[in-house]
Each structure stands twice: as structure tokens, then as C-alpha cells.
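If you look up TrEMBL, you'll see 33-54, 78-99, 111-131, 168-188, 200-217, 223-241 marked as transmembrane segment. As annotated by TrEMBL, domain 'Sphingomyelin synthase-like' applies to 172-240. Annotation source TrEMBL lists region 'Disordered' at 306-326. The compositional bias 'Polar residues' annotation in TrEMBL covers 316-326.
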Amino acid sequence: MAVYIAREATKLWRKVCAEIAVELQLLFEKWRLLLAGLVFQYIHGLAARGVHYLHRPGPLLQDLGFMALPELGQDKGYVSESVFTFIFISFLLWSFHPFIYHSKRFYTVLLWRRVLAFLVASQFLRIITFYSTQLPGPNYHCREGSKMATLPPPHNVLEVLLINFPRGVLFGCGDLIFSSHMIFTLVFVRTYHKYGSKRLIKILAWLMAIIQSLLIIASRKHYSVDVVVAWYTVNLVVFFIDNKLPEMPDRTNGSSLLPVTAKDKDGRTKEELHKLEKDCKMKEEFHKLLNGNTVDSTDRRQRVQMNGKHGEDINHTLSDATSNGT
């Protein structure tokens, strides 16, 4: 038993190391786009912090969702945050499963490059929307009489740039249309719907997105319009960008190598092409190792057939020689 565990642990470690090497190679090529997506997350937080200075509390607007759903109360506001945290962590762990599991369909770096593109486009539209019109916040800390409903003018630029993280993010006001929680939720659910493999989990993911929408309204963190606009805006953004971006290579059959751009194919010297061929061979060996493959069965059969044919030719040659000698 101990020998089996040690052997499997060694195989797992080799898979993880090989996957890290492949993903790092992709990261070195795509790091600019990934970094831009991460920087925009800060810009989005900075914009949300800035609109809080413009927020003015007022009476709650008439809302159909508020009429239909009972109010959870201030002491149960954690419920919607708990559901969102579960969705976020679940997607994060799933996106890194190629490092461990034998079956895999995508490269983690390429997946997050795509996800960040969806998030940035949706958040850019969100910033334009909530700066266009500031609505009185329905959340408890944004209502009239709350000290956190309005922010005093900042004393310096640093106070704005630091955005009072994480308190400034959790207790913001004014960044309503449309819901940032729903942006992340819908992007994650749509991504898993396309690249995930479990049908039951896909159904549960969409169900979680619906539950998250209802909990946000019941917690009075957003108006119903914030959630409704998020549903059709994010889905349209993801649909449009997904069709514009090049499709990720499918790793299901275990035969696809790392993607090579048109510039790599056309604008290389002979030395560079030779180096590229060597790199491709190394990538193929990595890929075979990652997917648990050694030598292809078709190649093995061909070699057996060729060796058999070669042996027959030798036998025929020897028999002819002996007959001529006699």
C-alpha cells in the first residue's frame, strides 16, 4: 500500500511539474494581457470608490423585486456574500484542475486570459453606467441617516488611491447599475458551461446564478434593475467577445500542442524554425506526460508491421542465396 501511494505521488508530482512548465511558457507569452486585466480590476475598484464621493442618500425607489421578495434584514446580509464566495472559489479551483487531474480541456493561462477579457469589457460598461446617473443606494449603510452614506472630501490623492480596501469595497455606495457580483457570477458560469465537462454541475451553476440574483435583491444590496441589466449585458458581452477571440486549443484528445501564432509560422529564420521545432517536440513530450501517454498505439502497430515485413524480406533473401549457391 505504501509503495502504491509513493508511486502515485511521484506520478502526480511529475504531472504538476510538467504542467507548471507548460503554463509558465504560456504565461511568459501572454503576461501583458493578463497583467492589464488584473490592473483593470484595481481601476474598477478605484472608480467605484470615486462614485461614493458623489453619492447622495435618498428615499428608496419603487422596485418590483422589493415588493415580491421579503427583506432578509441587515443581520443576514452575509448570505448573498457567502453564495458569491462559494461560486468564486469553486471556479478558481476548477480553473487550476489541469495541474492535477488526468482529463483536461484547456490551459489555465489561456482560460484566465479569456475570463479577464470578459470581466474588463463588462466592468468598463459598468463604470460608464453608474457614473452617468447616481441612484440613492438601497443598502442599509447607504440610506439616509447612515454615516457611511456619504464620504467627506478626500484630504489627499493617496486616500483615494488606496480605496480603503477592503472596507471601501464592501461598504461602497453609488455603484449600482449594474451589479458587479453578477458580472463575476455570470462570466464564471458561462465559462464553465462552455469548457466544463459535468452536465449536472452546469445545471447547478445556472441555478446558483439565479439564487444569487434573488439574494442580492432580497438583501437590498441592489435594485432589481441592476441585476436585470447585468443578466442581458454580461451575456451579450461574453457572446460577442467569445466570437471575436481565437478559440482555445482542445486538450481532450491529448494531441494538441501549445498554440502557435501566424507570426511565429511566417516570420522566422531557419535557426529560429529549427529551435521552434525542437520546442514543439519538447512540448509534445510534456503533453504526453501530462495526459499519461507514452508511445502511441498506432505507431507501435506500424513498427511491429514494419519489423515483421523486414524480417520476411531477410528470410526471402537468405533462401534465394542458398538456392543459388546449390
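Heads up, residue numbers simply count up from 1 along the chain you see.
The backbone N, Cα and C atoms fix where each Cβ goes, and this holds for glycine too.
Keep in mind that this is a model prediction, so the values were computed, not measured.
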Tally the residues of the domain 'Sphingomyelin synthase-like' (172-240) by DSSP class, grouping H, G and I as helix, E and B as strand, and everything else as coil. 53 helix, 0 strand, 16 coil
To what whole number does the mean pLDDT across the domain 'Sphingomyelin synthase-like' (172-240) round? 95
Quickly jot the same-chain residues contacting the transmembrane segment (111-131) by Cβ under 8 Å, restricted to those at least six beyond its ends, or write none. 30, 33-34, 36-38, 40-41, 44, 47-48, 51, 95, 174-178, 180, 183-184, 187-188, 190-191, 195, 229, 233-234, 237-238, 241-242, 245, 248
By Cβ distance under 8 Å, which residues at least 6 away from the ends of the transmembrane segment (168-188) in the same chain are close to it? 44-45, 47-49, 51-52, 54-55, 57, 80, 84, 87-88, 91, 115, 118-119, 122-123, 126, 129-130, 133-135, 137, 139, 141-142, 148-150, 205, 208-209, 212-213, 216, 221-223, 225-227, 229-231, 233-235, 238
